[in-house]
């Protein structure tokens with residue numbers, strides 16, 4: 001049973017949800033008007049945070065967990081690398097929606113660790129926060145048996161959001177980069193218990209987010225999703241949400257043999273464009289020296305693809 005899908009569908013049936021589908025939600029605000037909010041009219045609107053809220057009418061908020069025993073084992077990676085990855089996989093949801101990450105709220109469960117081990121976690125979180133200019137604005141710290149990160153990231157939209165809905169018939173589907181390395185690394189870990197920071201394992205240890213590319217193509221991309229559960233799984237999501245089938249190119253179908261499309265935790269971008277934008281896409285990818293892999297196209301008919309339950 002797909003527990004995640006069952007849980008979400010059951011919650012929807014209770015009538016307490018609104019437009020679930022993307023990992024993040026877009027909140028649109030009216031222009032700031034102090035007369036509408038007399039209780040906060042005395043706030044100094046010249047402070048940096050107030051100026052930020054006034055300048056952005058749309059925020060994107062996404063929340064995710066990264067938990068020991070489910071997403072990672074502590075013996076696989078250094079504590080610093082675990083913390084870095086916890087940040088990256090959460091930032092990926094925001095960036096994939098064409099938003100710029102700004103703030104983070106962190107609830108962390110800490111097992112029995114020494115001071116230098118806790119410092120390693122802090123250093124990992126801070127490294128990624130500084131790299132993406134994200135600041136922590138709240139959260140909670142608890143003690144527990146397993147290490148767990150629960151992050152909510154707030155991002156700003158400078159233009160239209162890139163949602164999972166919007167796929168149109170005959171749209172072309174692509175993904176950035178190459179996929180399959182995370183599944184390879186996971187299998188290696190399950191066999192030997194250790195990996196190095198070599199190129200073949202780096203995707204699993206520290207995913208590369210494609211923010212510069214996403215911000216370039218979001219203006220003409222019809223939909224997008226980060227590859228967290230595998231290409232096949234994300235294709236199924238897009239198909240269901242948009243009520244369209246997806247047909248793979250013959251070359252893409254050969255990837256079934258190597259199981260690349262089953263590999264989760266890739267965090268490349270899977271996206272769709274109209275055929276007329278193909279050359280524009282290629283020019284952007286070439287200018288950024290980024291490999292773009294054509295997968296297939298949207299169709300009125302298609303099939304569901306078998307997936308691997310990642311976690």
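Positions of Cβ are set from backbone N, Cα and C atoms, glycine also.
Residues or ranges marked as Mg(2+) 4 binding site by TrEMBL: 23, 93. Under the DSSP three-state reduction, residue 93 (Mg(2+) 4 binding site) is assigned to helix.
The Mg(2+) 3 binding site feature in TrEMBL is assigned to 23, 93, 226. The 10 Å shell around the Cβ of residue 226 (Mg(2+) 3 binding site) contains 27 further Cβ atoms across the protein chains shown.
Secondary structure at residue 140 (Mg(2+) 1 binding site), taken from DSSP and collapsed to helix, strand or coil, is strand. Other Cβ atoms within 10 Å of the Cβ of residue 140 (Mg(2+) 1 binding site), summed over all protein chains shown, number 10. What TrEMBL lists as Mg(2+) 1 binding site is 63, 64, 140.
If you look up TrEMBL, you'll see 64, 93 marked as Mg(2+) 2 binding site. All protein chains included, residue 93 (Mg(2+) 4 binding site) registers 25 other Cβ atoms within 10 Å of its own Cβ.
For residue 305 (substrate binding site), the same-chain residues 6+ apart in sequence whose C-beta sits under 8 angstroms from its C-beta are 232, 233, 235, 236, 261. Sequence annotations record features per position, and here TrEMBL assigns substrate binding site to 71, 265, 305.
As annotated by TrEMBL, ATP binding site applies to 139, 140, 164, 228.
Classification of residue 229 (Mg(2+) 5 binding site) by DSSP places it in coil, neither helical nor stranded. As annotated by TrEMBL, Mg(2+) 5 binding site applies to 229.
The feature domain 'PurM-like N-terminal' is assigned by TrEMBL to 54-155.
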Q) Rounded to a whole number, how many Å is the Cα of residue 140 (Mg(2+) 1 binding site) away from the Cα of residue 71 (substrate binding site)? A) 20
Q) When the domain 'PurM-like N-terminal' (54-155) is classified with DSSP, how many of its residues are helical, how many are strand and how many are coil? A) 37 helix, 41 strand, 24 coil
Q. What Cα-Cα separation, expressed in whole Å, is found between residue 226 (Mg(2+) 3 binding site) and residue 64 (Mg(2+) 1 binding site)?
A. 13
Q. Of all the binding-site residues given, namely 93, 228, 265, which is spatially nearest to residue 63 (Mg(2+) 1 binding site) at the Cα level?
A. 93
